[in-house]
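To start, the structure itself, in C-alpha cells.
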Amino acid sequence: MGTGKTIILVDGEAPPRFIPSTRFTLALLVFFAFIIQYSQRVNLPIAIICMVSRTESTENPLNTTKMISTNIVNDLNRNFIDVPTTTKPILTTIQKRGFLKDKQFNWSELKQQALLGGYWSGYIFTQVPGGWLATSIGPKWVYACSLSTSSVATLALTIMYFMSSTHFILMFILRFIIGVAHGVLFPATIALWSVWAVAQERSTLVSIGFCGTQFGTSLTMLLGGLSCRYLYSGWMYLFLLTSILGFIWLALWVTLTANSPSEHQTISSHERDYICNLTGHTGKKRAISLASIPWKNIATSKPVVALIITHMSNLFGLFFFLTNLSKIITELYGVPSQYTGFILAFGFFLTLVTSLTSGILADALVRSKVMTLTTARKLFNSITSFVPVLCMISLCFCDASRQVLGVITILILLAVSGLGYGSAYTVNFADIVPAYSGVVFGIANTFASLAGFIGNLVAGIVVKQPILEQWRKLFIMFGIVYFIGGLVFLLFGSAIPRKWATFQANTVKQTKANDEEMMPMNENE
C-alpha cells in the first residue's frame, strides 16, 4: 500500500465471526472470573453484619440497638457499623431457618476494620508481579493459580464455625492470602487481551470481562443480605457459595483457554491467523526479567505517563466513593439505610451497562471510520473524567434538603465510571504498550490503590461530623483530581503502540504511517 496504512486480511477473507468464537468464549470466562473475584472480595464486608454480635458492641453500651437485615446491602466498607439502627418490632418476628446453628463473634470495631483491611494489605503487593508473571509464563496459569488459591482460602474461612473460640489472626491471614491472590488478576487481564484482542475488538472484549466486577458485587450484596436475614449463620453459606463457584470456574478455564491463540487446541485456523496477524504475537514464550523491561522508555513516554496519571486520578476518586457512598447517602442525605442498598445496587447496574455499551460503541465508531482509535479513547476518557467534575460541583450543594439531587448525582457518577473500564483508560494499556501492558498496568494500579487508601485517611481527618461543610472539602479535592487526570490524557494520550513496546517477534508485513507508529489496525484511514 502506498497510503501508509495497514489493512491485513487473512487469506483475503473477511474477519471471522465474533459470536460464536473462541475469543468471545474467553471473554465470557473472564466475565465469570471477575464475578468470582468480586464475590470473594465483598463476601466478608457483607457477611460480617451477621458474624458479629451487636449486643456486646462497645459502641452501644446500652444495648438498645440490634443487628437487622435492612443493613445488609450497605457500604462495602461496612459503614453500617457507624450508623446504628433502632430495632423495629416487625423485624424481630422474622424466623430464620437452615441446617446450621447461629454463631456470632464478639469482635471490636478495630478488629472488624482490620479484617476488612487485610484483603487490601495483600492485594497491593501483587500488582506488578502479576503483570510480569502474565507476560513471562502466560495469563492462563496466573488466572488459574489466583482463583484456585483464593477459593481454597475462602472455603477455609468456614472453619470459624467449627472453632470453639475466635481465632482472629487466622481469619486475618486468610483474608490477606485472598488479597494477594486477587492482586494479579487485573494486570493479567490486560496482558491477556494484548495477545487475544485485535484493536478493532479490544474495547468490546475488555468491557465484557470487566462487567463481571459490577455484576459480582451486586449479586453478592443481594445473596449475602438474604442469607443473613433468613438463615442461621448465613455467612457460612456465602463463603461456601463463593468458593464453590471458584472451583467450577477453574475446571472450565483450564479446559477451554490457552495463553495465546497459537497455543489453543480448538480455535479455527482462520480466527488464529486473524488475531496473530493483527496483534503481531507469534505465540512464543517471552520469559523476561524485571531488569529487561524498558523502564526508561516507560518513564519518559508522554502517552504512558499520561495514561498512568489519568488511571490514578480516576481510581483515586472511584475507590473512595465506592467505600463511602452509603455513608454519604445515609448520613448526609438522610436516606433510610434499607433504601441505600437498593440505590447502590442500581448504581452498580448502571456501571455495568455503560461499561459494556461504551466498549461496543467505541469499536463500532472505529470500524466505521467515524474516528480514529486515539480519538475514541480521548472522547470516552474525557467523559469518564470530566463528568465526575460536574458531579463533585453538584455534591457540594447537596444535603438532606436536596436529597433527590444528591442521589441522582451519585447515580450519574457511577454510570460514567463504567466508561473507564469499557473504552477509556483501562483498555488503553493494551493499545500503547501491548508487550508490557500487564506490568505497566500493575504499576499504575499499585499507585491507584495507594491513592485510594490515602483518600480514606484524608476523609478520616477532614470529616468529623456528617455535615456538608466538611464533606464539601473532599468533593472539591476529588473534583480537582478528576480534572487533572482528564486534562493530561486529553493533551498527551494516545492509542498508538510505542515502537519499543510492540511484540518484537512479529514477522507480519506492516507499514509505518509515521515515525511514531507501528499500527496493528487501520488507525488513520
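Numbers run from 1 along the shown chain.
Placement of Cβ uses the backbone N, Cα and C atoms for every residue, glycine included.
The annotation transmembrane segment is assigned in TrEMBL to 18-36, 114-135, 174-199, 205-223, 235-256, 304-322, 342-366, 378-397, 404-424, 436-462, 474-496. As annotated by TrEMBL, domain 'Major facilitator superfamily (MFS) profile' applies to 63-497.
Among the recorded stretches 18-36, 342-366, 404-424, 436-462, the one sharing the largest number of Cβ pairs closer than 8 Å with the transmembrane segment (205-223) is 18-36. The transmembrane segment (342-366) makes contact with the transmembrane segment (404-424), as judged by at least three Cβ pairs under 8 Å among residues 6 or more apart in sequence.
Contacts between the transmembrane segment (378-397) and the transmembrane segment (474-496): present, as 3 or more C-beta pairs lie under 8 angstroms, all at sequence separation of six or more. The stretch from 18-36, 174-199, 235-256, 304-322, 404-424 with the most CB pairs below 8 A to the transmembrane segment (474-496) is 304-322. The stretch in closest packing with the transmembrane segment (174-199), judged by the count of Cβ pairs under 8 Å and taken from 18-36, 114-135, 235-256, is 114-135.
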